[in-house]
């Protein structure tokens, strides 16, 4: 079967530069890497194909020969005896590892060679809900976190007490094995030890051979005053234990402040809506506004106050967790409450007020009526819509 054009394999033009060539190869190699497509022979063939194409086109001498003679440059012993890797001992996996180690460091890709030595433990997440009042004052919270700890009976080895894990004979303790396929050498996770490099003949009954068990730990967490939803608190070294003597991971506590019945929050500022009796709004007066600290603030209402008017109470908001010593404000939006369930006398008094009130008492209404008249083209009924 004839081979595809190497440029076509990598999806690049013939004049592609080295940077774009490397980028195209990296994308395809990640897509078709055997460790990402276990058991998929088609993906494995693709991985070999892109590796072969990159081996030629990334070498200036071989690329020049390919551009001039095509695949014939590497047949009948030319340019390395028929192997596109030119007798240098290279293979698609080695090219892939060399390229990705430049980007991620040794072992940085999931399909890379097994990392040896101490490994840091995994980080943990804990979601914590608190009230707005708790966020205002801050608090010391006790949390219970389930996490993996080293199994005490086997001391974290996973082997039954009195026994030890044995080095895997198949991979020699490396966790990965190599298989020769023509001129390719493929590296895979060892199927005997599952990449651990060790075999446990007699597993520990307590942990089932895992070397770790789940326990619930009680921790004290200090929640700072002014904390907001979405903020996280880091407890260093309170995550999962490391392996082979590696350090513990960290515990991240994600805070969620639940909605409040009265106040809405925007950073350090608080907002609320306060009902104002119609008479107070008309004559002026005072109303009491609840504050987040559990107290009350007396607010002066000016004569003729209207719905939607906002009042600002300085330093009655939330403490700022980002700026020590600073406190936000409380913004109060008024809405005039229309009286309901009136008695006959109350209705009569309102009618008397209506009879003696003029345009000066309702400037907004008069202004609105004037706009309507101008919209209709005057006061005449002949131009009004039916």
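Note: Cβ is positioned from N, Cα and C throughout, glycine not excepted.
Taken from Swiss-Prot as is:
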DOMAIN    5-70  domain 'J'
ZN_FING   138-216  zinc finger
REPEAT    151-158  repeat 'CXXCXGXG motif'
REPEAT    168-175  repeat 'CXXCXGXG motif'
BINDING   168, 171, 190, 193  Zn(2+) 2 binding site
REPEAT    190-197  repeat 'CXXCXGXG motif'
REPEAT    204-211  repeat 'CXXCXGXG motif'
Tertiary neighbours of residue 193 (Zn(2+) 2 binding site) (same chain, Cβ under 8 Å, six or more apart): 168, 170, 171, 175, 199
Within the domain 'J' (5-70), residues counted as helix, strand or coil by DSSP: 51 helix, 0 strand, 15 coil
Helix-strand-coil residue split for the repeat 'CXXCXGXG motif' (190-197), DSSP-based: 0 helix, 0 strand, 8 coil
